[in-house]
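Annotation source Swiss-Prot lists transmembrane segment at 14-34, 86-106, 112-132, 146-168, 201-221, 248-268, citing sequence analysis. For 78-269, the entry in Swiss-Prot reads domain 'ABC transmembrane type-1', with the evidence type sequence analysis.
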Amino acid sequence: MIEQRPVSNLIGHLILILGIIIVAFPIYYTFVASSMTSTQIIRPPISLLPGDHLVENYREAIFGGVERVVGVSLERLLWNSFVVAMAIAVGKIIISFMSAFAIVFFRFPMRMFFFWMIFITLMLPVEVRILPTYKVIVDLGMIDTYAGLTLPLMASATATFLFRQFFLTIPGELVEAARIDNAGPFRFMRDILLPLSKTNIAALFVILFIYGWTQYLWPLLVTNDAKMNTIIIGLRRMVDWADASTPWNYVMVTAILAIIPLILVVVLMQRWFVKGLVETEK
């Protein structure tokens with residue numbers, strides 16, 4: 001039994017509070033800046049209390065302000081990011097789940113060779129893969145399409161490895177029982193593996209959704225049409241619009257609105273996310 005010491009508890013809580021402040025302060029600072037005019041933002045020091053233009057800034061940014069700056073509405077930027085993040089998260093989970101299922105539960109020649117070929121891709125930096133991938137997308141005519149934005153990012157060696165490690169912990173008795181019941185591979189996957197994997201899938205979904213939402217380099221390469229930009233690319237274009245007249249109030253509003261979906265995903269799936277991480281490490 002671990003002895004509870006008041007001093008240790010106090011130090012632990014102080015460290016946690018400090019960590020929360022370090023993480024939360026930039027978000028709060030951005031929110032405060034989103035309630036001020038662009039002139040107030042570029043004249044430090046900025047007040048730590050919200051300004052008088054909160055509603056006005058958000059209303060103007062949503063109803064045409066951002067579109068005047070980058071040529072595409074804020075709603076379209078958010079929608080593009082949502083489509084990309086959902087497609088990448090769901091696509092990675094489906095492909096990785098099926099790949100791990102085949103590697104663990106099917107016996108075919110060179111299956112471990114194929115697994116290690118998938119795993120070795122983790123050692124390749126993005127810069128090595130991005131140019132040949134871009135060439136393929138150009139040749140297939142997928143520039144400025146959702147397919148071009150998402151398909152190259154759907155394969156995931158990490159998710160395949162995690163699913164494989166989890167499937168290896170499935171008792172052999174379950175597999176034998178499924179065979180005795182005359183259950184085929186897909187029925188076994190649907191009725192046994194999917195229910196057992198739901199917490200792992202939830203944890204991976206949160207991680208992969210954030211990964212897809214925050215993509216910058218790939219969308220920057222494969223989108224020329226402003227209407228296909230994601231919210232991250234939109235932010236970059238707003239900052240680069242004109243150094244002397246950058247609408248920093250719109251930039252801060254857009255940054256806050258870009259964070260909200262990620263916070264909602266984490267909060268709504270927090271219980272499943274934590275449970276999935278704990279069960280994965282067992």
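Every residue gets a Cβ built from N, Cα and C, even glycine.
For the transmembrane segment (86-106), same-chain residues at least 6 beyond its ends with a Cβ under 8 Å from one of its own Cβ atoms are 112, 114-115, 118, 146, 149-151, 153-156, 159-164, 166-168, 175, 185, 188-189, 193, 197, 201, 204-205, 208-209, 211-212, 215.
Of the recorded ranges 14-34, 112-132, 201-221, 248-268, the transmembrane segment (146-168) has the largest number of C-beta contacts under 8 angstroms with 112-132.
Residues 27, 30-31, 33-34, 36-38, 41-42, 53, 57-58, 60-61, 65-66, 69, 74, 77-78, 81-82, 85, 206, 209-210, 213, 231-232, 234-235, 238-239 of the same chain, all 6+ positions outside the transmembrane segment (248-268), place their C-beta atoms under 8 angstroms from a C-beta of that stretch. Beyond its flanks by at least six residues, the transmembrane segment (112-132) meets 99, 103, 155, 157-158, 160-161, 164, 217-218, 221 of its own chain at Cβ-Cβ distances under 8 Å.
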